[in-house]
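Per TrEMBL, the feature transmembrane segment maps to 94-113, 120-141, 184-208, 324-343. Sequence annotations record features per position, and here TrEMBL assigns domain 'Fatty acid hydroxylase' to 128-268. The domain 'Very-long-chain aldehyde decarbonylase CER1-like C-terminal' annotation in TrEMBL covers 451-621.
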């Protein structure tokens, strides 16, 4: 049975809860034209303050997820998974609640609208009232909520988040945030009653309150231990992220709001607090755990560049599609592209744990279109080389190249780096063997005797053709180069060469219902496919699903094992827990402990071996059939 006031009244409204701000907006708009506008300024201030509060939490969340800045300062090393993100999805409920509480306060004290903009005495008084009333009241209530009944029915929700994050600060029950609103409101109303209130004081107190709440839940240590060495008394006046993380990991201690002094008075101070803070601060400059595997990705375009945890965590936790709310952020994305082009190095984007091994995704700071600029080739290869050498220095076992980072025309599928650095300890992998295996598994599990293959002479096209011909599947290879076709034909066993057929026009596939697309095709070219055809694909970007009477496959991908930990962001358009096959190929390479590089041409003989290894380690194929509307 749920506790009284443990759920939010607008819990079922979803995103429509924001309509509850409508009366505030309506009041402001109405008063501008029908009343003295001064009467509605309280509504305007509430809306502005709510926006600023949300911005503070969002900026802290972005900062916390900038792993390229915080990775060596993390307190709890575990990643934030999808489960926690979903639980904290409505973290901002409390802002709406306290906006309603503020409106009730206005109608109770209507003269509050007449307070001045600035009153210096008010800043001094609110600090005193905070220390005298808010800190001990919060300490007492917080300790009370750790009692058996209140914790089980209320406060356990807040502690259900395994990794403290700024949004975790807002993740609590309706009752708890009503009480927290009182903790915030007492100093504000006290100053008003005593005649010291001001608009600047209210803004400052509320925003600093939120800032410090985010600080305590950010999960990376930012306060230097030297501060407490120089000013020892400060450690009793301000808590640290490490201090509050101890409360989450070892409940029963460190109950204070912001001032550890009250834990000292209440004898609930965790004795490891200062020691752990000093240790975290000192070790912040040292390298953290070395990843076993690195997936080296790149940015696709300026819209998908926003699909990262440090922009909008919730957006990055769902498969990428263009959303209206990211459009205002496009200028920032464009600016970031320019900055990364001029000055940036490969950086850490995300991580997860598989079989207790750390796997990371690094990003080459280049966008998709830049890979097709002739003058950018050397710069991109230099960035990839820098990432490989860094991985080698750190002791990474395997680094897998994503999509355009292994482009044949760019670096020969990674052979450029292996030839240049023959003594690399890190294994460089393009992952295309598993990509081929995924596509071939999709094709061969159906009763197929003929396929149409575009991009037929590419690295993947060659491997797919050679594999299928050994299975007595007729392959219509679309290529205008007889020389390339003949070269592939000679690689096939003599008795299977008859299954490889060169074609030069799309019309040749008018009766073929299985298309394997390795080169981008236009809607016009798709028209040559018969009704009911299915388009498998390994082309980047994916083809546009133009035909409503056909089905289209996603890019080759595999689902990570269910015991993966700390995974909280989607890989481009992939579903949750699904990664591109070239990513999965690197994972298999590292888990198997293979010591060879996988670069250049695909070894067709290893396709089945890699596929079986992937299944052995719990990676699963993803059904990719979908129909257009």
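Glycine is no exception: its Cβ is also placed from the backbone N, Cα and C atoms.
Keep in mind that TrEMBL annotations are predicted by a computer and have not been checked by a curator.
Counting residues 6+ beyond its ends, the transmembrane segment (324-343) has Cβ neighbours under 8 Å at 299, 302-303, 305-306, 311-312, 315, 365-367, 370 in the same chain. Outside the transmembrane segment (94-113) by six or more residues, the chain places 8, 10, 17-18, 20-21, 24, 38-39, 41-43, 46-47, 49-50, 53-54, 170, 172, 174, 177-178, 180-181, 184-185, 189, 192, 197 with a CB less than 8 A from a CB of the stretch. Across the domain 'Fatty acid hydroxylase' (128-268), the model assigns an average pLDDT of 96.
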